[in-house]
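Q: Quick one: this structure, given as structure tokens, is what I'll be asking you about.
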Amino acid sequence: MLWRGSQALRHFSTSRVYFKNKLKLALIGQSLFGQEVYSQLLKEGHRVVGVFTVPDKDGKADPLALAAEKDGTPVFKFPRWRLKGKTIKEVAEAYQSVGAELNVLPFCTQFIPMDVIDSPKHGSIIYHPSLLPRHRGASAINWTLIMGDKKAGFSVFWADDGLDTGPILLQRSCDVKPNDTVDSLYNRFLFPEGIKAMVEAVQLIADGKAPRTPQPEEGATYEGIQKKENAEVSWDQPAEGLHNWIRGHDKVPGAWAEINGQMVTFYGSSLLTSSVPSGEPLDIRGAKKPGLVTKNGLVLFGNDGKALMVRNLQFEDGKMIPASQYFSAGETSVVELTAEELKVAETIKVIWARILSNTPVIEDSTDFFKSGASSMDVVRLVEEIRQSCGGLQLQNEDVYMATKFGDFIQKVVRRLRGEDEEAEMVVDYVSKEVNGMTVKIPYQCFINGQFVDAEDGETYATVNPTDGTTICRVSYASLADVDRAVAAAKDAFENGEWGRMNARDRGRLMYRLADLMEENQEELATIEALDSGAVYTLALKTHIGMSVQTFRYFAGWCDKIQGSTIPINQARPNYNLTFTKKEPLGACAIIIPWNYPLMMLAWKSAACLAAGNTLVLKPAQVTPLTALKFAELTVKAGFPKGVINIIPGSGGVAGQRLSQHPDIRKLGFTGSTSVGKQIMKSCAVSNLKKVSLELGGKSPLIIFSDCDLEKAVRMGMGAVFFNKGENCIAAGRLFVEEAIHDEFVTRVVEEIKKMKIGDPLDRSTDHGPQNHRAHLEKLLQYCETGVQEGATLVYGGRQVQRPGFFMEPTVFTGVEDHMYLAKEESFGPIMVISKFQNGDIDGVLQRANNTEYGLASGVFTRDINKAMYVSDKLEAGTVFINTYNKTDVAAPFGGMKQSGFGKDLGEEALNEYLKIKTVTLEY
């Protein structure tokens, strides 16, 4: 085989080109899929000797033809291969001239004669988008969804004289998600994996390893092609059947019904998993029950009483509208264009004219699709407008919803003016009458400024730890949801208003958000109490109060982030100036724990936003609700779409995807050390993203005999029992000097007996429930281990006998350095006390530092010299002297050793979300 020099150079480092067998291929087909298969086959070193595709349409070549022509590959564009049942001689001769060893048909709409199919040495292989023998025929993907199949996939098979009946070479499958459409299934799996499989199949043939597995007749089905005339909805079926029919026809040919005498097509169907919202009835011919036009879309009902939601409607003239606007679709007034807007309209008219090259004049009545445009042209139109109109962001659906030029210009102008933004954010709430108020709780993913269901419709229950009941079901973010959220954050940073906003205006938004949080502090604190078990009075002061303070503090930093000038050696006789700039990183990910759901959000996101970044935040799976309420407030504060995205779900799915995502430039994490290590590894392997980790702790608190004992008892209890012990800096081990040890323990037990354990919404409650059942069970096991190892259980150690996840405040003494209790964090209301000899300062310091953790620490003594000596020697990110838990928004917070690195709070936190650029100029 002869290779051009450029080919050899291009593949020099890719040994697979030289050490694998390669074939001469004829590619027969069309479309972007065909183009990608063609390109990948070339990269693998195969030689495409000819491309056989469809003729140009309206002067535009198919993507496969364009790619091949650009490479100099022979391209043949035949309108047909046969005439009156016989192969056209000229076509056959042209095909034979290329000398192919294998025909590859990635996507082909033409009938290819069998003499062509069988002509090459290795025959022909075809891609088919179903798991053959199921769904033979041209509408295979549609029928996969229409029939409610749980598995979808594709087959690469050897062509024979039957209809999709040839032997199987390979197959790949995937799960069908509840709300998959033809497009989502194709884009997620059939397109990308299909390309890989076609290339793999060709290589298997080249290596002589390709199987030929006969198709079984058992389970074989053949369905006809779906066209508009046979896509009408049949209403006598369950909601799931209606949903499958609609999504199986989305976008082509489109499932439809007759409404008010005209054909209306449904798009964007999803099954309703919550209660049916209120709306205005809409009669639909043939439907047993009227639909409901709601603020979220059109609700349709199956014969089983269950419901589905349709997002968009399309009328006979091609115009598409949000289904929620059905009764107001014709009420929009025409806007008068300014001189500047007229210039934009002329620019867009030129773009339309280029795309619709066969349309002599573009007029207001010119319809984009009726003038010959296809779905590919929609993408081109959106991209050309973005490039030519100052980065104006349109969506593909904007074109479908305004197909005539005049309507399209009106939509563009409204977008430029901000008039097409929703007047009121659409939020589905779960409402609770609790704590003397009506609490409204969002429960969906918050992506790109909208509350939306998870793409696959999955939800999970979030539980009230006070009584173990379900508060509501929350959207469970999938990988696709994470990707959408990251894309929104990336776009908002690179192309949106946020990236162009003045720093002072950014600060103004953050101040406004802090004010809204303060105005809604009672509701936020109530949600925090319901979802995390936080005592309401503590939630008001700390969980919510410090969150408000954090946003105000960092709002003030927005316009004070600055670089410096640096004197360097001059390039004499010229001069140099060197300065640094601090710049945001881009789209950041934040993963927070469950102990302070809103405060942990604030600690990280406020600094991230002040630095100018955008973010995707994953709250803890068990405590997502205050984060979602916070998302609602960000919209009310005026934050642009995509700046803040909240995705509830699991760490194993959503969290892992964020740590691996190539478009995330920084990840801030608070959680366990073991998970932190995995995150750091994923961040390094993916794209070496910047990381800050606030991890586990076993914070020592040393209490000397010369302390203020009353204060030491009070604050020592707070160091352990504050927030039910679910506190990252909780004193994990108390070292009490021998002279006061017994009295200290006695006083602590006396004070514990005064504590009221109960409903966190009761204003007199001191100690609420543990966050969730699994954590409570872990704490009980922790206590059991302590007893088994010989520690003395002085008080508690049991679950409180009442509904919910309540645990008694617990005290252990006699804890030796080798014991499990001395080494491992409980993260609960368990005081672990060890005695140390009188006057043995260095000895107790050695014991206190004998841990891999280094988050916080404390010392109580009246001797300032002793206090300062101890603070110097303690290996921890924070040292408290004669106090504990005294954090402040202006004081940097973070650990060392295996408690992590990086800082929250204070000016230092900003540096976690900034990069420094050095600029040197000569003059």
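Each Cβ is built from the backbone N, Cα and C atoms, and glycine gets one as well.
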Q: Here are some residues: LYS432, LYS681, LYS690. Which is flagged as N6-succinyllysine in Swiss-Prot?
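A: Matching LYS432, LYS681, LYS690 against Swiss-Prot annotations yields LYS681.
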Q: If I restrict to non-local contacts, at least six residues apart, and a C-beta distance under 8 angstroms, what lies near ILE592 (NADP(+) binding site) in its own chain?
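A: Within the chain, ILE592 (NADP(+) binding site) has Cβ neighbours under 8 Å at MET600, LEU601, LYS604, LEU617, LYS618, PRO619, ALA620, ALA627, THR670, GLY671.
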Q: If you measure from the C-alpha of ASP164 ((6R)-10-formyltetrahydrofolate binding site), which of the recorded positions HIS128, SER650, LYS681, GLU694, GLU825 fall inside 10 Å?
A: HIS128
Q: Taking the mean position of the Cβ atoms of GLN110, PHE111, ILE112, ASP164 as the (6R)-10-formyltetrahydrofolate site, which residues outside that list, in the same chain, have a Cβ no more than 8 Å away, listed in sequence order?
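A: Along the chain, the qualifying residues are LEU105, CYS108, THR109.
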Q: List only the single closest residue to LYS903 (N6-acetyllysine), chosen from the recorded positions GLN110, ILE112, HIS128, GLN621 by CA-CA distance.
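A: So, spelling it out, the nearest of the recorded positions is GLN621.
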Q: Reduced to three states, what secondary structure does DSSP give LYS60 (N6-succinyllysine)?
A: strand
Q: Using Cα-Cα distances with a 10 Å cut-off, which of the recorded positions ILE112, GLU694, CYS728, GLU825 are near SER650 (phosphoserine)?
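A: Close recorded positions: none.
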Q: Test of understanding: give the count of other CB atoms lying within 10 angstroms of the CB of GLU825 (NADP(+) binding site).
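A: Excluding its own Cβ, GLU825 (NADP(+) binding site) sees 24 Cβ atoms within 10 Å.
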Q: Could you give the maximum C-alpha to C-alpha distance in Å for the residues GLN110, PHE111, ILE112, ASP164 that bind (6R)-10-formyltetrahydrofolate per the record?
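A: The two farthest binding residues have Cα atoms 14 Å apart.
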Q: Among all chains shown, work out which of the recorded positions ILE112, VAL653, CYS728 has the most CB atoms within 10 A of its CB.
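A: Neighbour-count leader: CYS728.
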